[in-house]
């Protein structure tokens, strides 16, 4: 059995717990679909290597599903990040709804480019060299877009990490600050997943330009996606973050429920500002750094006053 086919079996066995270990949440769907895409893609490539079926059809399908798995996994990371931001809203650098909406939009565009480019690339021998070039450029554009998205994503996640560290200094000391949930494990998992996908995008950018033998790239692809799938099965966000999206951590580190918490993250900016600055980059610099806000406004506190009271 080839290395790729061995990883197919592993992918299938690790993807199933994603959909049954906890109540399904939004991020569970793309995690499972991404694993299924990987399995389908490598199965098609296995049949191609075995000389079974139509060569062109198998190559086209395998390329589309293998390359399409990455953006699908990325979508899961964006949903997990949004859920994390809504759980600790006081440390969120921007609205979780805004983060998910913006990244998912560009992720869908990358997925479309991958599938279109793979189709053109696979059937290029029946047409002109121009078709091959267009398909190759579409795949490159998709991989570059995904690498840029995850670089930005890591920067936003790092900003959240820094804010959480500052906030937890004010919480009562427990195993994880004021809440018993190991939500920082979700942050670390997102860091790892981002690194996997950035590496994957980088070698696909190089691979479609310079490779002469695709086996090392397929093994690397399967290994990274297998690690990503296994990691989220071991550290499943659905087991760490509360299922009820109305539950959040207040500025005192205690969990509470808020019936209107989803409304606290609606984008109330003018339409033109939403279009020109969908990620609310301006908000990163104009936000009042002196105050942390509880969504219910019941526990709003001035950090400087708190520090002064603690010192006196």
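Cβ coordinates come from backbone N, Cα and C, glycine included.
Note that the coordinates shown come from a computational prediction; the quantities given were computed from them, not determined experimentally.
Copied over from Swiss-Prot:
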type	residues	note
COMPBIAS	11-21	compositional bias 'Polar residues'
CARBOHYD	258	N-linked glycosylation site
CARBOHYD	304	N-linked glycosylation site
REGION	1-21	region 'Disordered'
TRANSMEM	29-49	transmembrane segment
TRANSMEM	61-81	transmembrane segment
TRANSMEM	103-123	transmembrane segment
TRANSMEM	142-162	transmembrane segment
TRANSMEM	183-203	transmembrane segment
TRANSMEM	223-243	transmembrane segment
Per Cβ pairs under 8 Å, the stretch of 29-49, 61-81, 103-123, 183-203 packing most closely against the transmembrane segment (223-243): 183-203
Secondary structure of residue 258 (N-linked glycosylation site) (DSSP, helix/strand/coil): coil
Neighbour tally for residue 258 (N-linked glycosylation site), based on other Cβ positions within 10 Å of its Cβ: 18
Interface-richest range of 29-49, 142-162, 183-203 toward the transmembrane segment (103-123), CB pairs under 8 Å: 142-162
